[in-house]
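Asks: When I checked Swiss-Prot for this same protein, it listed these features:
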- 20-241: domain 'Radical SAM core' (DOMAIN)
- 29, 78, 109, 170, 272, 273, 274: GTP binding site (BINDING)
- 36, 40, 43: [4Fe-4S] cluster 1 binding site (BINDING)
- 42, 82, 133, 204: S-adenosyl-L-methionine binding site (BINDING)
- 267, 270, 284: [4Fe-4S] cluster 2 binding site (BINDING)
């Protein structure tokens, strides 16, 4: 059986993003900056501290990178940070990625600080889907978690995103015991009449948040059981869902997604690769230090070498992370490679 053509060509097995465990990777998470203007207590409680002097990937380097991934079968790109909207050329980056043959969906994750005034422009540039980090629906708790007293402004941005016409608007909320766990009913009531997918994400341990993790980690399993006991039904997973478990209710316009990295077989459905803002390929959020791609990003003439390096790197991808053993790999914090 022949494989689906890409740009009129046929992909052979050696040119596909498939690892040794038959997982297929059609989703690229691309960080364009590790700078963030929030001080979230689970990620950058002391604010952004630059740890390198490297320049972030240029728009041309990004274009060359995504072109290579697209020719290897990638169909979706999520632009991440840090806070990606801090880059002045963010709309141009969206447009550049959206026009690459083979890329079917362009998404981003943002803290929403300037979303209310930019949502329409990003949509017009070619952005299809947007995730907004809203870690509490209580303004005071939001301020406590993020270090920013702009809850209403962020929520205005969420509304602006819906009005702009995005195919999908998602809300990300990191679950934290003793901080925002009391907000769960507020969240669920809120999406009753909102066409939004609410995503509860388990707090994950990184190199620098061990004490915070031990104090505030909360398993998503109890939320899952609560949902099932209250009329919610788990959707059959689609390939683009990745490890997320999605739930729907006939009386609710919105959906709920659970991302539980400590659950059994979480990595079995992994469908994504990550590239950092300085051009390092990361096979896992909690994996190794990464494979440098930048020396091959300066010119499109190196595209075949770039594709080969990416494919070869996949051979070393492990079957799973080792978070349950307290090993967070080389990830200092979630902003470092885009979460």
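Every residue, even glycine, has its Cβ placed from backbone N, Cα and C.
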Asks: For the domain 'Radical SAM core' (20-241), what's the model's average pLDDT?
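Replies: On average, pLDDT over the domain 'Radical SAM core' (20-241) sits at 95.
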Asks: Quick check for the class: what is the C-alpha distance, in angstrom and rounded, between residue 133 (S-adenosyl-L-methionine binding site) and residue 274 (GTP binding site)?
Replies: 19
Asks: Based on Cα coordinates, which of the following binding-site residues are within 10 Å of residue 273 (GTP binding site): 36, 40, 204, 284?
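Replies: Final answer, ordered: 284.
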Asks: Spatial neighbours of residue 284 ([4Fe-4S] cluster 2 binding site) among the binding-site residues 29, 36, 40, 42, defined as Cα within 10 A: which are they?
Replies: none
